[in-house]
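*Asks:* What follows is a single structure, and I will ask about it in a moment.
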Amino acid sequence: MLLLPATMFHLLLVARSGPARLLGPPPYLPEPKALWSPRALLLWLTWLGLQVALYLLPARKVAEGQELKDKSRLCYPINGFQALVLTALLVGLGVSAGLPLGALPEMLLPLAFMATLTAFIFSLLLYLKALIAPASALAPGGNSGNPIYDFFLGRELNPRICSFDFKYFCELRPGLIGWVLINLALLLQEAELRGSPSLAMCLVNGFQLLYVGDALWHEEAVLTTMDITHDGFGFMLAFGDLAWVPFTYSLQAQFLLYHPQPLELPMASVICLINAVGYYIFRGANSQKNSFRKNPSDPKVAGLETISTATGRQLLVSGWWGMVRHPNYLGDLIMALAWSLPCGMSHLLPYFYLIYFTALLVHREARDEQQCLQKYGLAWQEYCRRVPYRIMPYIY
């Protein structure tokens, strides 16, 4: 709870410094007045309010989540991509009317502070709300009896007020859309400073917009992820969704604004190919998994080999999921490399995302393995025997 915010602010400070050393001390420690800004607070609350309003708009589809302990299923609006498009239209209208979006990069420090403060206050309210929640509404892992641990992991699985689901809202809306908005603001400021955005900045913006757009287009798939089905909603997810994602994942664009890098067209083409390969694996694996979960008789997946489990479900053991046990993570990591390569090889800082994301996915993969072993038992052991590599073929 202390190290993650400190790391985020360290990255924000060193990205704009001359040396831009990932492992060195920050160039300075900001004064309190550099963090607290009524203007930033108003902007942050307006952003959250806008995303809440877009969440509440009529959805193109309402999907049911996984079955809960009490055998019920919650309903979720599938309108994340609609929120992205409407946000883009509103921002476009604002910029055409004179909105100084290029000034946003100068407010990243106070905005990150507001997001962090929001995460702490929000997590406290969620913890207090969970104290009166029924036992069936609590998450498996966030009820250890240690208040600090439970505050961090989150006690309640699906905290709601009426039909508004706080965890589902935060998972893909304010942070992910905020990430690409910050990227756009950095691109516009670079264009103001240098006459036009660099090829490297355009690639980073394009790659990450594709990733966010894909996540929101396939929003329904998040309903089967560990974040939604297993983890409680506490500080870990609240800070990650609201602060860590927009202000840390935009690190490559931040770096390029203050440290422009030359990028020739041949190298740019190679980087585009790497990103395309990563996206092809990522989307192919996720689409195959989602199609199989929805309808195992779907012609796209009906011919794939499976292993039967004691739960009645089937485990895919061919296709993407016969190559490695987590092919979607492999695609994710290849894309992460492509996002960092436009920043050149002279600094380690823009590769922080790749390093961090590798550690995150290896840890998440270990949690996945443990849960699947408990759930599927001998069938999972057979799957691991048939598919020995976890993420990277012949390596890990």
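For all residues, glycine too, the Cβ spot is worked out from N, Cα and C.
OK, TrEMBL features for this one:
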{"type": "SIGNAL", "residues": "1-17", "note": "signal peptide"}
{"type": "TRANSMEM", "residues": "41-59", "note": "transmembrane segment"}
{"type": "TRANSMEM", "residues": "80-101", "note": "transmembrane segment"}
{"type": "TRANSMEM", "residues": "107-128", "note": "transmembrane segment"}
{"type": "TRANSMEM", "residues": "233-251", "note": "transmembrane segment"}
{"type": "TRANSMEM", "residues": "263-282", "note": "transmembrane segment"}
{"type": "TRANSMEM", "residues": "333-357", "note": "transmembrane segment"}
*Asks:* Decide whether the stretches the transmembrane segment (233-251) and the transmembrane segment (107-128) have at least 3 CB pairs under 8 angstroms, with pairs required to be 6 or more apart in sequence.
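*Replies:* Contact confirmed: at least 3 Cβ pairs fall under 8 Å.
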*Asks:* Counting only pairs at least 6 apart in sequence, do the transmembrane segment (107-128) and the transmembrane segment (41-59) share 3+ Cβ pairs under 8 Å?
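*Replies:* Yes; at least 3 Cβ pairs under 8 Å.
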*Asks:* Six or more residues out from either end of the transmembrane segment (41-59), which same-chain residues have a Cβ under 8 Å from its Cβ atoms?
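*Replies:* Result: 77-79, 82-83, 86-87, 90, 107, 110-111, 114-115, 118, 164, 169, 173-174, 177-178.
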*Asks:* By Cβ distance under 8 Å, which residues at least 6 away from the ends of the transmembrane segment (333-357) in the same chain are close to it?
*Replies:* 11, 14-15, 20-23, 199-201, 203-204, 207-208, 211, 248-249, 251-252, 255-256, 259, 261-263, 268, 271-272, 274-275, 277-279, 281-282, 391
*Asks:* Any residues 6+ beyond the ends of the transmembrane segment (80-101) with a Cβ under 8 Å from its own?
*Replies:* 50-51, 54-55, 57, 59-60, 172-173, 177, 180-181, 184-185, 188, 212-213, 215-217, 219
